[in-house]
Amino acid sequence: MGNKLHIVSLGCTKNLVDTEVMMGKLQNFELTDNQSDADVIIVNTCGFIDAAKQESINTVLNLHDARKEDSVLVMAGCLSERYKEELAKDMPEVDIFTGVGDYDKIDELLVEKKSRFSEAVYLIDGAERVVTGSTYHAYIKLSEGCNQTCSFCAIPSFKGKLNSRTLDSIAKEVESLVKKGYWDFSFVSQDSSSYLRDKNVKDGLSLLIQRVELIEGVKSARILYLYPSTTSMALLKNIAKSEIFHNYFDMPIQHINDDMLRIMKRGFGKKQTLELLEFMKSLPNSFIRTSFIVGHPGESQEMFDEMCKFASSFGFERINVFAYSDEETTPAHEMSDKIAAKVINKRASILGKIAADVMQASLKKEIGKETLLVIDKESDEHEYLLSARKILWAPDIDGEIYVNDRSGEEELNFGAIYNAEITDMVGNILTATTKNASR
């Protein structure tokens, strides 16, 4: 076998961490962007909803069509885990199948050229990763699995119950990455606010915040995927007190109608959800991102209208919109009052337009303000523009800022933090003038 590797990571940032673990085990390979040159092709798949499943299958088949004759094609991750028997039967194009339990054994699988599905979900603990996409930012996994029983979600069926990493394991990984120059961290999991609850520790995230704040060299951090019913006011106050963790609140609430929240088995009603959101909004320099699902079985037009009104009026910074996907093994799959696909798509389009307007309004409020931003790279738009983001924002998902001017003579460096003024907006991209380097 040759030593050229082409690897594709689909789905969420949690998947990306697993992909980086595989890359860490294959550092003797040379990465190539050209699949037809690769000796080994790995696709880390997503099996969350229909669109993601189809993207995963199409990606694998397209790579098979383009690969050279003696290469090895590996299908890994959530889709492989969820449909291991069906895929092994229906996709002879794939040489090796593996699921969510053997990311750290990918080198062994390539030597053996055999498929493998370990029973336990892989939980990162000390494995060396090849962090991609940034020289200063990294995602850190808190846990695997989920103890929630949301009606629409199949993730626990293939990711299992909540299994949290120890504080020591996470701290060691952060410390190791800081030594390599990383200083900005996003903490992720299926349900971040339940971190350590499987170990009978109720305030796990608060303990994590305290621990990370002790690590010299960490300048910036945020927590993604908060779950409403396991997020306490005490946790929000601890985030607000932190000098490292931003007032960044990524909390997918999925709906706002009381009856719909009960049908979805979210464990929290409208009143409790609003109490959390209003408190988040009251905090200085807060940023609230959420997700909604449209077309869940039982969603009436009145319920949908209530969600639209709330989404447009509350003052979110960002909104993700998901069309309901009817997933086998979920309680919603067995419900009788399904919504027609045409209606679901129409509702997704309506709420999607509201989400776009919400983002525009949020961005417009930035014009004229001073902020801290970090410069990522040269812009793809023009050679004289630099691509940046507010240090508060999560990478890739919250937006891009074009730096088109500077007030001083100092050279601007990638991965550095600058004081800047937001000067204008072009489409949905802000422009900024840097003033001077910050911390």
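Residue 1 is the first one shown; counting continues down the chain.
Quick reminder: no glycine exception, Cβ is built from N, Cα and C everywhere.
Here the domain 'MTTase N-terminal' (3-115) returns a mean pLDDT of 95 for the predicted model. Sequence annotations record features per position, and here Swiss-Prot assigns domain 'MTTase N-terminal' to 3-115 based on sequence analysis.
A coil conformation is recorded for C12 ([4Fe-4S] cluster 1 binding site) in the three-state DSSP classification, outside any helix or strand. Residues or ranges marked as [4Fe-4S] cluster 1 binding site by Swiss-Prot: C12, C46, C78.
Positions annotated as domain 'Radical SAM core' by Swiss-Prot: 132-361.
Every protein chain considered, the tally of other Cβ atoms within 10 Å of the Cβ of C153 ([4Fe-4S] cluster 2 binding site) stands at 23. Among the features that Swiss-Prot reports, [4Fe-4S] cluster 2 binding site is placed at C146, C150, C153, with the record citing sequence analysis.
The secondary structure of C78 ([4Fe-4S] cluster 1 binding site), as reduced to three states from DSSP, is helical. Separating the Cα atoms of C46 ([4Fe-4S] cluster 1 binding site) and C146 ([4Fe-4S] cluster 2 binding site) is a whole-number distance of 16 Å. The [4Fe-4S] cluster 2 site, placed at the center of the C-beta atoms of C146, C150, C153, has further neighbours from the same chain whose C-beta lies within 8 angstroms: Q148, T149, F152, A154, I155, P156, Q190, D191. The candidate set comprises the binding-site residues C46, C78, C146, C150. Of these, C78 has the most other Cβ atoms within 10 Å. Listed in sequence order, the residues of the same chain lying 6 or more apart from C12 ([4Fe-4S] cluster 1 binding site) and placing their CB within less than 8 Å of its CB are C46, F48, V188. Secondary structure by DSSP for the domain 'MTTase N-terminal' (3-115): 55 helix, 23 strand, 35 coil. Cα separation, C150 ([4Fe-4S] cluster 2 binding site) to C78 ([4Fe-4S] cluster 1 binding site), rounded: 18 Å.
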